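Asks: Below you will find the structure I want to go over with you.
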Amino acid sequence: MAAATMAISSSSFAGKAVNVPSSSQITGNGKATMRKTVTKAKPVSSGSPWYGPDRVKYLGPFSGEAPSYLTGEFPGDYGWDTAGLSADPETFAKNRELEVIHCRWAMLGALGCVFPELFARNGVKFGEAVWFKAGSQIFSEGGLDYLGNPSLVHAQSILAIWACQVVLMGAVEGYRVAGGPLGEVIDPLYPGGSFDPLGLADDPEAFAELKVKEIKNGRLAMFSMFGFFVQAIVTGKGPLENLADHLADPVNNNAWAFATNFVPGK
């Protein structure tokens, strides 16, 4: 009763009518049910250059204007959708979630590709520091030592690593989507709560700007990871070694030189 009274009083300030459920709707067959409610984020101020109809746009060479369904509501919306991939709202929501998740993985992956090699080049012993060779160490006779230290994690079974990854990532993803004992999730893409111990999302306008920075850096990281994959296939070297080779001899160590000389399988 108190909850219903609070709901009526709070909504009356917004000028909206409230339908108070009857006791039978609340209790059902003698069982109380709880539903996850989703609250809409506070609108970003019109002065932001990244949101709204007057936001920064990149329409590409084949688009005269931004399509009507791209209104600048979401971070990273530059009004460019020549192929119409965002026309269907459900497809757009799914693709947006996939992009944000892949952005986060790519940013972590790019750091994981660069930093071990950077540390190894500065005297830190990692064992195998090149990112696409490190995982294969688990099949060696001595197994895989995390950070080159057998007292941390000494892995010798690929199945055990796979099982740990499934359990740990499954638990985190389940909590991100459905909530858990540490709190209820309002937005699966930006769950906040225990996922935001520093309180970066407390200020709505600062949080909106951080979303834009995340998506921009994430898109750059996805391109970086694609480049790392291509480098690994073509040169068989890590990103920092490729960079050092290019700086030492830019004429013979560049994308054009490798593209014109590369023959798969040789």
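Even glycines carry a Cβ here, placed using N, Cα and C.
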Asks: The chlorophyll a 1 site in Swiss-Prot lists TRP80, SER86, ARG219. Which one of GLU97, GLU99, GLU205, GLU209 belongs there according to the record?
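Replies: Among the candidates, Swiss-Prot records only GLU99 at this chlorophyll a 1 site.
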Asks: Please identify, among the binding-site residues GLN137, SER157, GLN165, GLU173, ARG176, the one with the smallest Cα-Cα distance to ALA255 (chlorophyll a 6 binding site).
Replies: GLN137
Asks: Going by DSSP, is GLN137 (chlorophyll a 3 binding site) sitting in a helix, a strand, or coil?
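Replies: Its secondary structure by DSSP: helix.
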Asks: Check GLN165 (chlorophyll b 4 binding site) against DSSP and tell me helix, strand or coil, would you?
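Replies: GLN165 (chlorophyll b 4 binding site) sits in a helix per DSSP.
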Asks: Out of GLN137, ARG176, HIS246, point to the one nearest SER157 (chlorophyll b 3 binding site) in space (Cα versus Cα); all of them are binding-site residues in the record.
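Replies: For SER157 (chlorophyll b 3 binding site), the spatially nearest of the binding-site residues is GLN137.
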